[in-house]
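In TrEMBL this protein carries:
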type: DOMAIN; residues: A:73-262; note: domain 'ABC transmembrane type-1'
type: TRANSMEM; residues: A:16-38; note: transmembrane segment
type: TRANSMEM; residues: A:77-98; note: transmembrane segment
type: TRANSMEM; residues: A:110-130; note: transmembrane segment
type: TRANSMEM; residues: A:142-162; note: transmembrane segment
type: TRANSMEM; residues: A:183-205; note: transmembrane segment
type: TRANSMEM; residues: A:241-261; note: transmembrane segment
Amino acid sequence: MSTNRRLRTYMPWGKNVLVWIISLITIAPLILIVINSLKDSAQASSMGMDLPTSLHFSNFKTVFEQGKLAGSLWNSVLYAGVSTILCVLLASMAAYVYARRKSRLNRFSYLFMLLGLAMPLNYFTLMKMMQLLHLVNSQLGIIILYAAVQIPLSVFILYGFVGGVPKELDEAGIIDGCGPIRLFFDIIFPLLKPAAVTVFILAFLNSWNEFLLPLYFLNSASQWPMTLSVYNFFGQFQMQWNLVSADIVLTSLPVVIVYLLGQRFIIAGMTAGSVKG
Amino acid sequence: MRKAVGILAAVGLTLGLLAGCGSSSNESSSKEPASSGTGTTKTDNTQTSGTTKQNVTLTYMASQDWIKDSEMQLAKKFEEQTGIHIDFQIVPADQYQNLLKVKLNSKEAPDIFGGQDGKFDLGPLYDVEKNAVDLTAEEWTKRENKLFLEQATWNDKVYALTVWDPTYDYYVVYNKQIFDKLGLKVPTTYSEFLAVCEAIKQSGVTPIYEPVSDGWHHVLWFPSIGPKFEEANPGLVDKLNNNELKVADVPIMEQALTQFNELVKKGYMGESYFSNTFADTEKNMASGKFAMTVHNLGLPQTIEAAFPDTKADQFGYFPIPLVDNQLMNIAPAAPSKFIYSGSKHIEEAKKYFQFLTQQENLQYFLDNEPRFLSLDFEGINGHFTPEQQKFFDTYGAKQGSGLQMTAKYVNPQWMDIGKDMSAMISGAMEPKDILKNMDKRREEQAKAAKDSAWQ
Amino acid sequence: MNNKTYPYYFSLGAMLLYVLLLVIPGVAGIAYAFTDWNSYDSAVHFIGLDNFRKVFSGENMYVSFIKNTLIFTIATIVLKTVIGFFLALLVNKGVRFRNFHRAVMFMPAVVPMLIVGLIFKSVLHPDTGLLNEFLLTIGLGFLAQHWLTDLNFAFKSIIGVDVWKGAGYIMVILLAGLQSIPKDYDEAAEIDGAGYWRRIWNITIPLLMPALTVTLVLNMLYGLKVFDTVYVLTNGGPGYATEVLFTGVFKEFSMGRYGLGTALSTVLFVFMTIIGYFVVKVMSREEDSH
């Protein structure tokens, strides 16, 4: 018994040290970028771990102005944000129905949708389809395409989680007189929040880093998202690792912020609380 | 009732989005508001009198590194004068060919597209007769270097504008200080080269900086000495292009690869050649730890720009000396600009080309592009340093082009040759195998292209 | 009651987008696998199974590409799942600055692969790289390697970098799974006197099964389709030692042999579909037995 108690007292301490070590290992290569984003171009040319001789915060300003990041930042937020909301909404509705009622049609639909996880993209035929739907060279078109691409993965992840929400809640809701729409949006969806937020974060991340779709389906640099601007930037400043690093920092930051904001909504024990309450 | 609402929520939303954006799509960037400086209309119009301001945006897509900074500045001037805005779209090099193919195929190509020209490639790669505008009648074609023009011509018509440096090819750049200190002379044969490398290695300096990790650079050692191959076997290129000869049956080519392998094996390229990167060339050459590298003539200038302590004039040049090569290779095929035949703004695009090729603009382009020494147009003043001038005086009398420009189906397999050469220096392949693979890939491509010589 | 409570039209929006923008273009694209479509000829001809014959004939080293792909897939599944699971346990509770650590561990997933390649090419450089310098400093210089260019280490290094980048992603999914496990189960078991690891094994893992299956399938699909990591770190080198299937596909495409490239990716698609089918089958059987 005493070992158990000792474990209990020391465990958190040991755990904390361990977590710090892992975090440091994880972040070391990333610190490299931050350090280099503050150097001048000669010092940054070797991308070394040495500290900057003097701090050049002006790199960030240069990047923001030269890289025309303001416009593409807005584009990225728009494309990734709207498409992810659309995707999470449609995917959670679909996953909910597929997981709750396992009719032959629903089972088939679910498996059919999983095929999308492995389906190879073909830009030639996709271009034809996009033209047919009048979605080429339009911002709405790219948003819809982003959402479509993320749907199979999102349905797949959400499907696994819907099972965790007790079916008794549905029955209680029906007894209370809810229709299917109110049942889903008022009762089920709030309980799916941890999963929905996870899917949101992952889909947002994928959309944010999407690179080839805008390249193929947007025909104007003013509509390009951050990822492509970064490339434009590489082309112009490929020797200047300090600017490239600053650009990377600015590009990665928004997704980290989304993650930090998002995880506050993954609140522990929601289901348990609801069952008890 | 509820069901109807639900359908509205799920399907209707989607359909609504689909329908809603129909109107905004498909009207290419032409109606994009040109955010040009409107205040300066009068003052700049002196040169192009008679032109009225147009509110037009030209889309211009090119691979990384093809559009120089100085061209972007010229484009700004062009916009001030004409109101025509150029929307530059720079695409990663490894995606470019596929992307261009998709866009040409689906008739979504930009008004101007970049492409590596080459007299064998214009038809097969870009289908210029269908996709590009005939530029033969343009005035600037008369001023362009004939060798370059030939590479932009298909069936007697000019399809592309090339503004590039004719001396932009690869040679050995060497550190004169190291050579002087060790009392070494510029080698003129392969055996002299070996002796030079050995002496440098003995002194504790790595003789050659070779960035194999980029995949393309170490290939330069081989096709660049094409003029020497041709000199040793007159008519070689014609025979290769008529499929009367295989590269595997050309002894001097095998010898060149064997010698490259020998340089690596003897440690003349150090230990870390597989990890070295092209982008680090300046740093390493400035450090004095390496004596030579294969690079453009502009390297010493970019070294000095990045590391002011190392002066440009301490470097000299000589041709790649494998198989006793002493001939100067030049590269007339280069990134070029095409006008898309389906563009709504062909006249504006032509105007842009005319603007770029005005004498003072060409000069401006050259003066502001540190990597270029001269241009492929008449009457442009080059910027040769004494060292570069000396190089031209010594080797310039006998010129020729690398194998990738003269022989068909070599350039497209550049990276594959690179892989094979890496396999050779890691011991997994013999020089002869590399040549056999080259023949195999040439045959595959020729057949795919329905080349009559291979049927 | 089922029909009315869980109406099929809920799923129509997702299905519509999916069919229009993924299935139809994807299936139509697969048709090209049976043609000689290439960049040097504007006409496309039907050539039956010729492309598939070429893939399986063994002359283009695709067999070794397939082997590498499988090794990569299995290694990353095991490593990412195990590491991701422990990371999730670690930062789930009982740690200070939880949010900070979670964000840090997730961060590698955020950085574009291109950049990761850039960083690790520098970190793993044999002469100037951080890793070898670190090993030298702590007196373990004999462990220093040519990480990305030595035939014995190149592929292991690729796997290592990929795990570094992907473990945080897996952690996020598993963390969400952990969070939705009702606390009462764990508390009840603790009162019964079950130790920490026993509770993990008997309670946490079984309840985490849906999330674990999700990560298994994701890791598997990712592993079989792996491209970026290899491309940016070694581009398949030295020689062809680290080539995987999708670098092969990419090579065919960049050579302009679209027909053959499509055939190769079709083979992979069929393969993934078969494996995926069995995994989902097994998974849903388990679920039903619960």
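Cβ atoms here come from the backbone N, Cα and C positions, even for glycine.
The transmembrane segment (A:241-261) makes contact with the transmembrane segment (A:16-38): 3 or more of their CB pairs lie within 8 A, with pairs spaced 6 or more apart in sequence.
Residues of the same chain lying 6 or more positions beyond the ends of the transmembrane segment (A:183-205) and with a Cβ under 8 Å from any Cβ of it are 80-81, 83-85, 87-88, 91-93, 96, 150, 153-154, 157-158, 160-162, 164-165, 169-170, 173-174, 255, 258-259, 262-263, 265-267, 270-271, 274. Long-range contacts of the transmembrane segment (A:77-98) within its own chain (CB-CB distance under 8 A, at least 6 residues past either end) are made by residues 106-107, 109-110, 113, 139, 142-147, 150-151, 154-156, 158-159, 162, 184, 188-189, 192, 196, 199-200, 203-204, 207-208, 210, 214, 225, 254. Taking Cβ pairs closer than 8 Å, the transmembrane segment (A:142-162) reaches residues 78-80, 82-84, 86-88, 90-92, 94-96, 98-100, 110, 113-117, 119, 130, 135, 188, 192, 194-196, 198-199, 202-203, 206-207, 210, 213-214, 217-218, 223 in its own chain, all 6 or more past its ends.
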